[in-house]
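Straight from TrEMBL, the features:
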DOMAIN    B:3-160  domain 'Aspartate/ornithine carbamoyltransferase carbamoyl-P binding'
BINDING   B:SER47, B:LEU48, B:ARG49, B:THR50, B:TRP75, B:ARG110, B:HIS147, B:PRO148, B:LEU149, B:GLN150, B:CYS272, B:LEU273, B:ARG300  carbamoyl phosphate binding site
BINDING   B:GLU142, B:HIS176, B:LYS236, B:ARG276  N(2)-succinyl-L-ornithine binding site
DOMAIN    B:184-308  domain 'Aspartate/ornithine carbamoyltransferase Asp/Orn-binding'
Amino acid sequence: MNHFLSIHDVADVHQLITSGIIAKRNPFSDQQMGRNKTIGLLFFNSSLRTRISTQKAAQNLGLNVIVMNVGQDSWGLEMEEGVVMNGNKAEHVKEAAAVIGSYCDIIGIRSFAELQDRDKDYAELVFQQFKKYANVPIVNLESATRHPLQSLADCITIEEFKVKKRPKVVLTWLPHFKALPQAVANSFCEWMNHMDVELVVTHPEGYDLAPQFVGNAQVVYDQDKALEGADFVYGKNWSSYQEYGRVLSQDPSWMLTEAKMALTDNGKFMHCLPLRRNMKVADEVLDGPRSLVIEQAANREWAAQAALKEVLLGMLEE
Amino acid sequence: MNHFLSIHDVADVHQLITSGIIAKRNPFSDQQMGRNKTIGLLFFNSSLRTRISTQKAAQNLGLNVIVMNVGQDSWGLEMEEGVVMNGNKAEHVKEAAAVIGSYCDIIGIRSFAELQDRDKDYAELVFQQFKKYANVPIVNLESATRHPLQSLADCITIEEFKVKKRPKVVLTWLPHFKALPQAVANSFCEWMNHMDVELVVTHPEGYDLAPQFVGNAQVVYDQDKALEGADFVYGKNWSSYQEYGRVLSQDPSWMLTEAKMALTDNGKFMHCLPLRRNMKVADEVLDGPRSLVIEQAANREWAAQAALKEVLLGMLEE
Amino acid sequence: MNHFLSIHDVADVHQLITSGIIAKRNPFSDQQMGRNKTIGLLFFNSSLRTRISTQKAAQNLGLNVIVMNVGQDSWGLEMEEGVVMNGNKAEHVKEAAAVIGSYCDIIGIRSFAELQDRDKDYAELVFQQFKKYANVPIVNLESATRHPLQSLADCITIEEFKVKKRPKVVLTWLPHFKALPQAVANSFCEWMNHMDVELVVTHPEGYDLAPQFVGNAQVVYDQDKALEGADFVYGKNWSSYQEYGRVLSQDPSWMLTEAKMALTDNGKFMHCLPLRRNMKVADEVLDGPRSLVIEQAANREWAAQAALKEVLLGMLEE
């Protein structure tokens, strides 16, 4: 079964990036591939880019699309096994996954971290259960710990805009008043570790990401130092992994400004969006020529198309 | 007008079951039938199986599908005639039904019992009003008193799995802490009364279903006795019909366990889903080889496809 | 860029009306026009007719359709520029519009007046921002001050039902207990000022619409006098424009009854719907032969199809 849950499901990352770039040039050339197949997109959480870009990519491939907001359109789902279901969740994932898998040829799922219990979030129960019971390929539309369609779009964007053979890519923590998941940052590190880049991660102390995601990246607690000579600055807020889910700092000096970006080597700015302006990043950066956030978001369509094509090809081989 | 509101709209139940089984073998052979036609699916209540399986079946038939959560995507609808509309419902069904009927060639509707007023629920006002004013075929996606697409899927499933010419089918009440409608139980009895089965209904006293639905079924208040020699055990909770909408019992001894199922003749277990595990039915039954709940839910697609095909054929004849 | 935000974006109103009437006769003749193009429909507010008729019209033209309830499916959007985004809105329209515009070839938007601040509502910030940043044609599915797809459907309906060369058309205020926007009334006046009709607007004092919309219409504060000899009576409630957003009157004598309609010249009744029966209009009018509300709502499909065709043609020319 060809799932797309993380980079570990990808046979050849560089071939996948190329596939995305090819889809961008010729979006409709594989339109027969999805014919009479249906992808179900299940949203446990809000979504804009993922919701629209995945629908669009699926339609480019000729797939039928069925979208469902879980718990709003349908019933709350129990994920734990062996429990007496006398609470507010009316259906068990064992049934729901198997049933949806009987209607849909592929299932895409978005389910965020709850940021209450690290072990629980990092066990990725929702995805594990769907993988176990749905009997069809599962596509990660952002899980508690990863956002691979975002990371693939990020790789495509860096590939398109890099001017050096081995660019310096800096992932920088940005201030935010709410506790946000580590998924995008984790996933970005994981994919960058497969790319020919110099990866630096910078954040206040206490915000270290899980080591399995950081990989070979250099970790620097001084943002200014990290930014020196950067070709790409990837901004993101996340809550603490060690003191799980806590907001340890809202230090406004970590906000990205043109003064900060001046430390880079004419660095480009990237962010997965949504983004709170003038809290995480100043207008001057976002509205200036170094911002790639729109190009990056636009590449979500081609990332999704490359991933779905991979899944469809895997189905043909079976 | 070929509505699909209940079994009374079906010319030949056995032909319809066969049509579902044929659709399952060859889902896309009628794909020209729905071309340039649109089905609107209106949900007044939550839905998972019905929502996805009906969209899927419609797409198999080449229909365009438009889904709307009434009251959430659109306005609250007034169903009563002659009232001064100075409350919280901004639109009358007379207009809404006629307008939706002008855009859609078929309208599917889900609207549950409110369990406050028996006469009102059993009058099926929502469906009667849409039938009266929409001027297009109406398909019942579960009404206050019936769930015919579920019952048709149930018939297909029994047809597929029966090993005796005339199997014993037991509908058993299961414990639940919430007041649930009688629709699935009513509808199941009504359809089983048209099948060549021995139908037994078992529940605690006070839970008798309306006689027009029970029909020729034998009613037994002793669950163990009812289960003896059963080929199919169909579990469902419902609230009282006599003391309308009340939960008279939550007796845990009515939960289905393997010990209970051992009383059957190697009986298969069925349930319409969603289902609260270890409250209505024990994990051991659901996770064992006698459970048909996934096969049954999968058959919702073919039931919907057979019903929609019937409706489309009726439109061609006009 | 061929937007469809108001009548000012229409090159030839009469040609557009004719295009709608032709689409009604032959809905699928332009089905190749939208092939491999996608329209995104963004709803900031509830919708029934607009939601369904626009989807239907888009499908008639072969467009793919992606529907999103903003703030419910996705994030709350900040519309103001230069702000520090530390409130409850997680994304800025600058990003959202550009991103959606990268996925969709056309964007339709519904966003009502908030009725708190007249200057803000009448500045139409949501539409101005999407127009500025989306880089694709924007279609107005009802804005704070206008509802051009409704007005176009109204024009089509009057064209179909008029029996005089220059009919008398009366827009009459109707009583309602809630504060409603002026959008439909504004837009109706604006379009009627381009038609060969005698336009009269009647309402209690204090309910005058903005002069730029009233145009050459005659304003009469006596409803009975206004209705005399009317061929079409267009009913609508709106809140005060002068004392912005206030309900100054709920005078029940302004409700339309058969006695009122008897003052007309066998006048037809029109209303954009939804409509509160027996508060704004009596059942006897709505259920009698002079009501055109269903025909008018049905024409929303052909108005949307004509408008979208215009937008698509504009894209081909670029």
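Using N, Cα and C of the backbone, Cβ positions are placed for all residues, glycine too.
Given the structure is predicted, the values throughout are model-derived calculations rather than measurements.
Locations of recorded TrEMBL features on the structure.
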{"residue": "B:SER47", "record": "carbamoyl phosphate binding site", "Cβ contacts under 8 Å, 6 or more apart": "B:ARG110, B:LEU141, B:GLU142"}
{"residue": "B:ARG49", "record": "carbamoyl phosphate binding site", "Cβ contacts under 8 Å, 6 or more apart": "B:LEU273, B:ALA297, B:ARG300"}
{"residue": "B:TRP75", "record": "carbamoyl phosphate binding site", "Cβ contacts under 8 Å, 6 or more apart": "B:LYS89, B:ALA90, B:GLU91, B:ALA96"}
{"residue": "B:HIS147", "record": "carbamoyl phosphate binding site", "Cβ contacts under 8 Å, 6 or more apart": "B:ASN140, B:ALA183, B:VAL184, B:SER187, B:CYS272"}
{"residue": "B:HIS176", "record": "N(2)-succinyl-L-ornithine binding site", "Cβ contacts under 8 Å, 6 or more apart": "B:ASN237, B:VAL247, B:GLN250, B:ARG276, B:MET279, B:LYS280"}
{"residue": "B:LYS236", "record": "N(2)-succinyl-L-ornithine binding site", "Cβ contacts under 8 Å, 6 or more apart": "B:LEU171, B:THR172, B:TRP173, B:LEU174, B:VAL184, B:ALA185, B:PHE188, B:HIS271, B:CYS272"}
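Residues of the domain 'Aspartate/ornithine carbamoyltransferase Asp/Orn-binding' (B:184-308) grouped by DSSP class, helix first, strand second and coil last, total 45 helix, 20 strand, 60 coil. Counting every protein chain shown, the Cβ of B:GLU142 (N(2)-succinyl-L-ornithine binding site) has 27 other Cβ atoms within 10 Å. Most Cβ neighbours within 10 Å among the binding-site residues B:LEU149, B:CYS272: this distinction goes to B:LEU149.
Other Cβ atoms within 10 Å of the Cβ of B:ARG300 (carbamoyl phosphate binding site) number 29 in total over all chains. For B:ARG276 (N(2)-succinyl-L-ornithine binding site), other Cβ atoms within 10 Å of its Cβ number 23. Across the residues of the domain 'Aspartate/ornithine carbamoyltransferase carbamoyl-P binding' (B:3-160), the predicted structure has a mean pLDDT of 97. Applying an under-8 Å Cβ distance to chain A, the binding-site residues B:TRP75, B:HIS147, B:LEU149, B:HIS176, B:LYS236, B:CYS272 reduce to an empty list. Candidate binding-site residues B:TRP75, B:GLU142, B:HIS147, B:ARG276, B:ARG300 yield B:TRP75 as lying near chain C, with Cβ-Cβ distance under 8 angstroms. For the carbamoyl phosphate site listed in the record, the two most distant Cα atoms among B:SER47, B:LEU48, B:ARG49, B:THR50, B:TRP75, B:ARG110, B:HIS147, B:PRO148, B:LEU149, B:GLN150, B:CYS272, B:LEU273, B:ARG300 lie 30 Å apart. In this structure, B:LEU149 (carbamoyl phosphate binding site) is part of a helix by DSSP.
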